[in-house]
Amino acid sequence: MRCVQDLNDDSRFIEFYNLVFMQYNKNDDGSLEPLKQKNIDTGMGLERMARILQNVPNNYETDLIFPIMEKAASMALVSYGKADDAMRTNLKVIGDHMRAVVYLISDGVIPSNIGRGYVVRRLIRRVVRTGRLIGMRGDGHENSEGAFLPSLAETVISLSSEIDPDVESRRKSILGELLREELRFVQTLGRGEKLLDELLDEALGSAGGDKPCLSGKDVFLLYDTYGFPIEITAEIASERDVTIDMKGFDIEMENQRKQSQAAHNVIKLSVGNETEIVKSIPDTEFLGYESLFATAVVKALLINGNPVENVSEGTDVEILLDRTPFYAESGGQVGDNGFLYVYGEEGGKQNAVIQIKDVQKSLGNIFVHKGTIKQGSVEVGKKIDAAVDGKLRQGAKAHHTATHLLQSALKSVIGSETSQAGSLVAFDRLRFDFSFHRPLTEKELLEIESLVNQWISDATHLETNVMALQDAKNAGATAMFGEKYGEQVRVVEVPGVSMELCGGTHVSNTAEIRGFKIISEQGIASGVRRIEAVAGDAFVEYVCSRDNYMRHLCSSLKVKAEDVNSRVETILEELRTARNEASSLHSKIAVLKAASLASKAVLVEPHNVRILVENMGDVDADALKSAAEHLVGTLQDPAAVILGSSPGDGKVSLVAAFSPGVVKLGVQAGKFVGGIAKLCGGGGGGKPNFAQAGGRKPENLPDALEKARAEIVAVVSSKAS
């Protein structure tokens, strides 16, 4: 237990077990509120117990971590026993972090720039930098350019095989993810470290008598462009006694979030007293699993988040009901659409019609129906009839069940280690994000589609059960990593195919999905792919529209559908040939035109350099290049040729060709033409003897060529003198 004596003498006392007596909840104002359920939290650290039983000086030197540190030391060609304190600290960082990232990746947490994925990436990058700092290079198998993380991970996996066999079974994906992440980081590490050194030098030089500080904007640049986790930047800065502006970094980060993340999953009511709203309105009873229609009572009306007693025609309103058949957006599925109807007393004349455009959850499990009063008026306490748009709901059901089938198909085709990273279930499509390190092949996509459509055609009845969370996990139900679940969960099962914890709406039989088609597959972040697909009515509409496009294409090409590919390939080949012939003709014409310009070359003494600067009209870039090469070869060395043209569409092309004699004078074509191109709103460069550039301001070309003529004459004259 926790000792009550003074523990400052840590050579005599080690805390290995403690008890925490939980009695109060501390409120925001600092006051203490007694807990309804008081309890005792007990904790005994595994590493601390191992340290005592194995009689080692610290947790890191137990058999849980020390073999990883030994492996790192051998790869760095050092001995842990003979290492100084700084080296030992670095080896401890590597050992601790490597064990963490291997288990995290094994559990499906893939490196990324957000959430838990960022934690993994941050740990990995700290290991990479620390390893390189102590001299670790290569993969430990005589490949000096290889990554060292996989070799360290092999040691972690071997230590884990008896206590967690899943780690061993996921060896391939763990090693592959670490290899890709390390090589990706190393590509930017050198440039980032160089920039950081420059920024630190600047901070130290401009500090004066103040404490040197790295600006938040610079820290964010390192994070956003070079992939430097804030902790690594702070660590390197601290080594040089420089602080970092965390407040400024947070501002830059928040600005980026505002620009890139407009969507939200849960709304929050902006009312004067949320506590009173919660007390007066119970959780909404959801009836939508069984019915699309229900009678309910209006419990509250809100306009712009403020409670009101009644709302009239034409007003946007948020309506809280005691019960509803409308599904509120959650679990990736969008909220239902439909109508609310208000009738007079005892079923009399219809008094109001409210169109519901969205439903969200707020303040726990209160459903917020967002809509517009289309007719009449509504007031708090009125009874209403709620009707969900059945066609749209069916679309959501088909896409949600198809999403479950898609996840099972992905695991079957590309491996069980892949995991869901997000989803959207809409009325007209589905979007599924998943962890994977490469694009899927055409063959894999076809196989996934085929599997899903086979399961649809099997016409399997879905089974839905509510059970204890642990029972669901024991049964093999898939849970979304990081998602919070209550003690009782809803399990949706397609027998023999899929079993997931899910609160969404689903078809009763897979045959209702009708068909499934993948529209696109793409990468959206490091290690995260996205599939978009259609099912149900949207699938039929998609197939019909594509068939319509194909019929028009067949009519235009005058071929059968099965011959379209070969016909298109033939047309493309004919087009490539025609373009090559046209390009060749343009080049020949440009050369002939250039030949007539050779006589315009001026001679600049004392080295008799022939200089030709001309506007070639609308000649394209390739033809301009051919003309310049011809002219510099035709004119006697030393010669300098500078040509420009405006090939159309607001474009400018520039070429500079210098003979060996001009280059020997110290004049370089690449540097020269780049400066001239700036006048035309562009840039470019190349080799000392030949360079090309472009621009977007053809109206400035005459002035640019005049400047080029003046500068080349001046430069050659000064070099000659």
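Backbone N, Cα and C define each Cβ position, glycine as well.
A TrEMBL annotation is a machine prediction, not a hand-curated record.
Bear in mind that the values here come from a model prediction, so they are computed numbers and not experimental data.
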Labelled coiled coil by TrEMBL, one stretch among 253-280, 393-420, 561-588. Can you tell me which?
561-588
Other parts of the chain folded back onto the coiled coil (561-588), taken as Cβ under 8 Å at six or more residues beyond its ends:
550, 553-554, 619-620, 622-623, 626-627
Average model confidence [pLDDT] within the domain 'Alanyl-transfer RNA synthetases family profile' (1-545):
86
Please report the number of other Cβ atoms within 10 Å of the Cβ of CYS502 (Zn(2+) binding site).
25
List, in sequence order, the residues of the same chain other than HIS400, HIS404, CYS502, HIS506 whose Cβ lies within 8 Å of the centroid of the Cβ atoms of the recorded Zn(2+) site.
LYS397, THR401, THR403, VAL425, VAL492, GLU500, GLY504, THR505
